[in-house]
Amino acid sequence: MEFSARALLKLFAILLQCIKLSAQVYNLSLSVEEGLPARTVVGDMKAVLPAAVPTSGFFISESRDSDVFKDLKIDGDSGIISTTAVLDRESRDKYEFSAATLAGEVIRVKIVVTDVNDNSPAFPAATAELNVSESCLPGSRFEIDGARDEDEGQYGIRGYRIMEDAMEETFKVEARSGQDNELHIDLILMRELDREMRGFYSLTIEAFDGGTPPKTGQLQVQINILDENDNQPMFNQTEYGAALLENVNLFTPVCQVYAVDPDLGSNGLVAYEINRWQSDPNEFFIVDRSAGVICVNKPLDYESQSFFELVVTAWDHGAPPKSSSTTVRIRLLDVNDNSPHINILFLSETGDPEVSEDAGCGECVARISVSNPDLWEIGEIWVSLEGGEGKFALKHTDEFVFALCVEGPLDREQKDLYELTVIASDSGFPSLRSMRTFLLRVTDMNDNHPVFEQNTYEASVPEDAPEGSSVLQVRAHDDDDDSGIFYSILQSAQEPLVNIDPHTGLITTVAGLDREREPRLAFLVVAVDGGFPPLTSTATVSIHVVDVNDIKPVFKQQLYNVTIQEHLAIGTCFLQVLAEDGDSGEFGTVRYSFSDGLDGEDTHPLFHIDPVTGELCVSRDVDRETGLVTFDLLVKAEDYGALKSEAYVHIDVEDVNDNAPVFNSDKYVTSISSHTQPGDEILSVIATDRDSSNCGRITYELLPGDDASLFSVDQSTGKISLSSPLSQTGRSTMKLSVSAHDGEGLAALTPADVTVAVLHTDHAPVIFLKSHYSFSAPEDTPPGTSVGTVQAVRPPNTVEALSYRISSGDPQDLFSVDAQSGVISNILTLDHESLPWVLLTIQAHMGPAPIYSSTYVNITITDTNDNPPVFTKTSDSITIYRNTPPGTTFFIAHAHDRDSGSNGRIRYALRPESHRFVMHPILGTLTLNSEVWRDAVERYELTVVAEDEGTPSLSSSLGLVVELEDPAPADAALAFETLFYQVEIGESSQSDTRVIQVRAHVTRSLPGSGLATSAPVLTYTLEPLSGPPPFFLQPDSGWLFVARSLDYESEPSYRFGVRATVRDGYVELTATASVVIIVRDENDNAPVFGRGRYFFSVPEGPNPHGLIGTVKARDRDSWKNGQLSYILLSDGKHFRINSQTGELINWMALDREKQCHHTLRVMVTDHGQPRLNASTTVHILVTDVNDNAPQFTNLPASKELRLQVWAGLPVGSVVTSMFAKDPDAGENGTFTFYLTSGRQKCLSVTSTSFDVCY
């Protein structure tokens, strides 16, 4: 049977395939509800066939074991489809199969199982539990797993509800559709929760479907309310009170506070503390943090503080914690723990325990008061007196006050001191007492006068004694006990000049003395004792004032300005300075010289000053072009007492015509078009003259020639222009000669030759917009970067292309110019160190004919820090003896940096720093700092770092090994006197100057040599370590000499080796040593201002303006030679200058209307010896502010103008004219007129006056 079914199925499949190719296909759709009983007829397949189609039988496409035949019965003969079992849509919701008739028709059958409400909603679990914080806000949502319903459509879940009506005020359930198209539940909080009121909720959520009646499912929800720290601890009392004795023991309980917090766990756990900020800062009490028991923490004292008010705070342990506070009032009870207090007030004038020996009986000596801080009856105090030998007694004057009075006669000579004791007892139990013991001194009567040691005192004092100088001391004695003596000067004319110390009697000067005015001072000194009544005595004092040289010479002028011509004859005197000295004799004799403060004879030996007459004369030729154009000298006038004063001499060197003009180039070539129009510029010739003013003012002139008539030259600029048309000449080349004359008629020795090529075409020459261009480019500019642009213009009505090219000035092919745009770019890497600038000649071409124009381009290549310092080698070594003394310089580090300025300045350092050696940061010298003879090491390995001052800085290092060697043994064959020679020499040392002598000695002979029988002949040689030093060594004597000029700024130190050699036959001995020469900087560079002139502006005003600008100078020297000070040589009234910074300060208020321009002369000087200086001019323009009101110029003093007007004057007649002026400038000085009252229609206004019209 199985084989037959399979065979039929295969046959049916083959049949279907064949039928599909040609047969008609019919679709049958049927439906049946789920849950109907078996054998329920679903439909008839014949219903879809036409009536004419025979329906004798059907073949089914499904096999017998498919679900179709399990749930359905298909009659193959009749085509009736019925159920074989109860259908369940949730298990299978449709059936599909095909059937074929014998006639070939195909029927596709689809049976849909329709749903009925046969399933209830079901939750995943019967119960659910939620934890909800009581701090949740209304509107908070809590998601709950929803129910599921196997039914679909209207029979699926339609909603949820809470079964308990009482829960609707607290919770609400809301369904929402999820991504799975199923309804989910959100439990929504409707109001605030309070766990302390209710900590648990139980509610039932019901899900219902859309059936009729609906089916339902329920979920029991348990909601736990979680605690939050929303309650603060609350004390059971708002205020606590307690009382205790002041003498209770420490840690005695006082009271207990108690607070409750309804929160749970740590939120409700309470801790206590005393608020020390508000109460009990001294911590007399403490509180138990857990129990709240307050105890005594420190000893209490009722008398110091009888009441305490504590602020106790209760905190819970929540996060953050909450707190509340209460007040605890503690009252102390007094106990008798204080002895009576005794207070004694002595009634003497000084307040000391003393009484005069002449005091009578009953006279009070002291006031005694007693007190007791305890609360016992204060009247219960007994007071008594002990001692005094009956001379004193107590008298009760008030409730708690007693008087100590004299009871018997006193005699100081018999007894001058009494010991008395006052005793006070209270009535407490037990009774407490106190006592006070004191010594009472009996004072003496004043019955003796003070007595001076001398009746007359004499002394002398120089008149230049400074204020406060001691002159002499007077002394007086008094036999009485009141020996306090006070000194004073009896009123006299000399009193303001001297002062006396009232206690010591020392007489000192108060003001400056002047012997010429007061040669002698005489006065009386009074001594007064301290008795009553006071007693006095006097003594005479005579002081002689000794003359000193106290008047210095004074110049008649502080600043001398003089102008001299250059090349004055040597010996010509051009100025006399004069100073006067008020002293006489040699103190009044004045001698003149140059001061070391500024330029002097040693620095500028061009001038000298006659020491007697003060005449300034020329010592050497003064050339304005090769030297300075101004000199600032400081001259000194000094008397024989060494008093001196100084004055400034400013010398301007006037130019004379001693230089002829010189052309920058003596040959010029250019081309022009034959159509060049008269007046067109051809080119410019340039000449310079080193002279100044009119002597350096150059005038250009065309020299006569064949072609000179066709051209003209601008006399001032040297621009050559065409003056006549070229169309008739027919010549292709023309030559011109141009001469240059200065303002005095001196002509250039060689004229400039100009060749002009005439291009006979229809083109005119191109013209550059500028005849000279200047650009700058950093040396690290990447290749291809634009440096600048030149531009030429084509003649009108031309269409030929304009192109540029570099014709000369770039031998290294560093630059290129774009032929079309004229943009100049670098095509190679630039290097400031090898080529700091280039001068290019650029030609502009137009068209195929050689028509061009030229211009000059000066490109400055600025330095960047692209070169690190470089040592000549990366490592070096040197050997020193262990007994080399500290302070010896034995090595010089030397590095070179090809950069310039700060990029090329090098500083040296040891890395890491060593306490054994010191490296000079500028010189690079390495000096031994401490002894090394005890060092156990054999060598030191150091790293010398050379770092430049660029930004960022670059550096390199040198590894240096310092070998330690024991001193040479006494039996060495040949040795220098020392291993190191160190010397310092000034940079101005001339050639052939002796520097130092190195010497070696033969200490013993070697076998086979003749050195033992003859004097050894030593030969010395110099061994450079890098380049040849500027020194030479005499081979026979060992003397080092200067070979060429030195310059500290270029090379501050040198290090090289020397070798000594002695030969005799085949024996040769050698020894070596090192020489370190430090070049000492000398003041050979004068300061240089950054500008020749400075210009500043400052507004006028009633107050000084303060800082208005800064002048700056620099000096290539170092240390003091390069330290600069600024001096203001003029207008010290309105302006001052900061000598250290060069800041100019407006010192007094400025008024533009009084002076609108100030010219200052500022000098800068270094601190070298001798000093060098420079000067500059500062122009200060005072700008206007509107600080002046207009003033009428023709108004009477009464400020009222009365006029008479004739009756019948026509309208518009001028009655009078008023004039006004305003000294302010610009808009501040522009004003208008108007009438403030009256007939304003009769006013006409002009800029400087107004007319009053009828």
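In case you wondered, yes, glycine gets a Cβ from its N, Cα and C as well.
Remember, TrEMBL labels are computer predictions, not curated facts.
TrEMBL lists 24-123, 124-235, 236-342, 354-452, 453-555, 556-663, 664-767, 769-871, 872-976, 977-1089, 1090-1192 with the feature domain 'Cadherin'. The signal peptide annotation in TrEMBL covers 1-23.
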Counts of helix, strand and coil residues, the domain 'Cadherin' (977-1089), according to DSSP: 0 helix, 56 strand, 57 coil
Residue counts (helix, strand, coil, in that order) that DSSP gives for the domain 'Cadherin' (769-871): 0 helix, 50 strand, 53 coil
Mean of pLDDT values spanning the domain 'Cadherin' (236-342): 92
Composition by DSSP (helix, strand, coil) of residues within the domain 'Cadherin' (124-235): 8 helix, 55 strand, 49 coil
Three-state composition of the domain 'Cadherin' (354-452), taking helix and strand from DSSP: 0 helix, 52 strand, 47 coil
Secondary structure composition of the domain 'Cadherin' (453-555) [DSSP: H/G/I, E/B, coil]: 3 helix, 46 strand, 54 coil
Residue counts (helix, strand, coil, in that order) that DSSP gives for the domain 'Cadherin' (664-767): 7 helix, 43 strand, 54 coil
